[in-house]
Structure formats: structure tokens, C-alpha cells
Amino acid sequence: MAIKRKKISVIGAGFTGATTAFLLAKKELGDVVLVDIPQAENPTKGKALDMLESSPVLGFDANIIGTSNYEETADSDIVVITAGIARKPGMSRDDLVQTNQKVMKSVTKEVVKYSPNSIIIVLTNPVDAMTYTVYKESGFPKHRVIGQSGVLDTARFRTFVAQELNLSVKDITGFVLGGHGDDMVPLVRYSYAGGIPLEKLIPKERLEAIVERTRKGGGEIVNLLGNGSAYYAPAASLVEMVEAIVKDQRRVLPAIAYLEGEYGFEGIYLGVPTILGGNGLEQIIELELTDEEKAALEKSAESVRNVMKALI
């Protein structure tokens with residue numbers, strides 16, 4: 001039997017989707033299918049061809065195609081969903097809910113039809129509610145429908161800590177839990193620089209400022225860009241999750257998971273520490289939290305529930 005490369009479909013060929021497709025191919029994680037709506041088929045094909053023509057220079061052999069035809073995605077191992085409208089300055093995540101929910105339902109039907117055994121990773125905002133929508137619409141088991149936010153939020157936190165300490169980001173570890181919004185919960189107590197607790201290295205008021213900047217990280221970029229939202233770091237975060245799955249690395253990474261009693265929550269998608277491997281989300285890790293951390297996570301979960309109330 002012939003051995004084939006993994007097949008990864010990226011739904012949505014905007015800045016985030018296209019950047020994700022490019023990084024996936026560059027790392028040779030699989031052949032990539034970049035999908036967008038029929039009105040954007042030619043630009044999508046153009047982006048894919050442009051990426052492919054970089055392969056001799058960058059030295060990768062993965063194939064990339066652009067299309068609006070979901071038949072091209074058939075038998076994908078992983079489907080990454082980035083499609084939807086982008087956040088604009090002054091727009092709350094709640095404003096996005098109903099428009100992007102319709103997009104999720106439409107995309108999910110196609111994914112189920114053509115790739116019924118795939119693992120789905122959702123990025124579209126508001127990501128906690130959109131991941132829940134895809135889970136319900138797909139009928140897939142919970143370990144095969146995952147949301148991405150914690151890797152990105154943790155990356156932002158690690159970036160700001162590294163800048164504060166003038167250290168390599170490689171030596172900074174941390175976890176950001178909860179919903180992908182202003183009530184996310186950076187766990188300072190579980191964050192380290194070269195194995196040393198951050199609380200031993202950074203004054204409390206500076207740590208609090210870093211936590212607050214992390215919470216507002218997406219909005220900071222939205223305001224600086226003036227049009228659109230972040231895409232390099234979100235794409236890189238998606239790729240880290242995909243790599244953990246296709247290589248069965250069993251990485252400990254924060255991800256948006258469906259909770260059934262973990263951390264005291266039921267029937268909600270929320271960012272928690274997980275193990276990602278060949279089966280998708282293989283395990284949820286329950287950390288011991290202080291009363292203050294529990295209260296912050298409950299507040300974050302309540303924010304997610306409030307967004308979910310807008311779901312049709």
C-alpha cells in the first residue's frame with residue numbers, strides 16, 4: 001500500500017488562513033487545500049500557486065492548491081476553520097456571533113460530508129462559541145473538535161514576559177486559561193523563566209500589567225492595524241496544534257475543549273491545559289487552582305456563556 005502525506009484543509013483564505021496554509025506547507029506537515037467562497041476562487045488559487053512557487057527556494061515538497069470546491073478537501077486528516085468576518089475597531093466579539101455562526105454551520109456540513117473522520121480545529125471568533133457550534137453541527141466526538149486560543153494567548157504572554165526580563169522566549173513557559181477575551185486567565189503561578197517562578201523575577205505590579213496587556217493583546221493589534229486583526233501569531237499557533245496532532249507528539253498545550261465536569265463546568269467549550277496527539281485532544285489536565293484563580297476562571301466561563309446566549 002502506498003504511503004501518503006497527511007492532508008490538511010484550511011477553510012478561509014484570508015490573511016490568517018493563507019498564512020496558516022503557507023506555514024503548514026513550509027513545515028511539510030501535509031499537502032494543503034486552501035478553500036474560500038466561489039467569489040474568491042481565483043485569488044485563492046493565486047495565493048496557493050504563489051506559495052507553491054516558493055517551494056524550490058524554501059525547500060519543501062508539500063503540495064498546495066486553492067479552490068472553492070469542497071470535493072477537493074475529501075478525506076482530509078485535519079480541517080482548520082478560519083473563515084468568517086474579521087473583528088473591526090470598536091467591534092465586540094459578541095457582535096460577531098450570529099454572522100459567523102451561519103458560516104460555521106455551512107462549513108461544517110461540507111466537512112462532515114467530505115471528511116467524516118477528520119479532526120477539526122476552529123479559530124473563527126468568538127472562538128469558544130464557534131467551536132461549540134461546530135461540535136454540535138458536526139456530531140463529531142468532542143476530542144475531534146478543538147478550538148485555538150490558548151496557544152496564541154500564551155504566546156502573547158510569553159512574548160511580553162521575555163521583553164520584560166530581556167530573556168529568550170524559549171525559556172519562558174506559561175498557561176493562559178479560560179475564554180478568548182478580556183476575562184482570560186493567565187496563570188502566573190504556573191509560569192516560569194528557565195524554571196524560576198515569574199513571581200520571583202518580576203515585581204507584582206509589572207506582572208499585573210503584563211497580564212492585562214495579554215488580555216487586551218488582540219485588541220491592541222486591531223487598533224494598530226486599523227483594519228483587520230492579527231494573523232501571523234494566530235496562524236503560527238494553529239500550526240503548532242496541527243503539528244502536535246499529525247506527528248502524535250502528545251504536547252501539553254492549552255486548547256479550547258468541551259468540558260463535562262472538568263474544573264466544575266458542564267457543557268461548555270473553554271480554554272484549559274490539554275494533551276494534543278494523534279487522536280486530537282487526548283486528555284484534559286486539571287490543575288489545582290486557588291480560590292482566586294477559580295473565581296477568575298468562573299468569570300471567564302460566564303463571559304463565554306453570555307456570548308453563547310446569542311447563538312441562534
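Glycine is no exception: its Cβ is also placed from the backbone N, Cα and C atoms.
So that you can see what the record holds, here are the features copied from Swiss-Prot:
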| type | residues | note |
| --- | --- | --- |
| BINDING | Gly12, Ala13, Gly14, Phe15, Thr16, Gly17, Asp36, Asn100, Leu123, Thr124, Asn125 | NAD(+) binding site |
| BINDING | Arg87, Arg93, Asn125, Arg156 | substrate binding site |
| MOD_RES | Ser149 | phosphoserine |
| ACT_SITE | His180 | active site, proton acceptor |
Whole-number Å value for how far the residue listed as 'phosphoserine' lies from Asp36 (NAD(+) binding site) (Cα to Cα): 22
Under 8 Å by Cβ from Thr16 (NAD(+) binding site), same chain, sequence gap 6 or more: Thr82, Leu123, Ala230, Tyr231, Pro234, Ala235, Leu238
DSSP three-state assignment (helix, strand or coil) for Thr16 (NAD(+) binding site): helix
Protein Cβ atoms within 10 Å of Gly12 (NAD(+) binding site), excluding its own: 25
Which of Asn125, Ser149, the listed recorded positions, has fewest other Cβ atoms within 10 Å: Asn125
Neighbour count (Cβ, 10 Å) for Gly14 (NAD(+) binding site): 20
Cβ-Cβ neighbours of Arg156 (substrate binding site) (radius 10 Å): 24
Whole-number Å value for how far Ser149 (phosphoserine) lies from His180 (active site, proton acceptor) (Cα to Cα): 6
Cα separation, Asn125 (NAD(+) binding site) to Ser149 (phosphoserine) (Å, whole number): 10
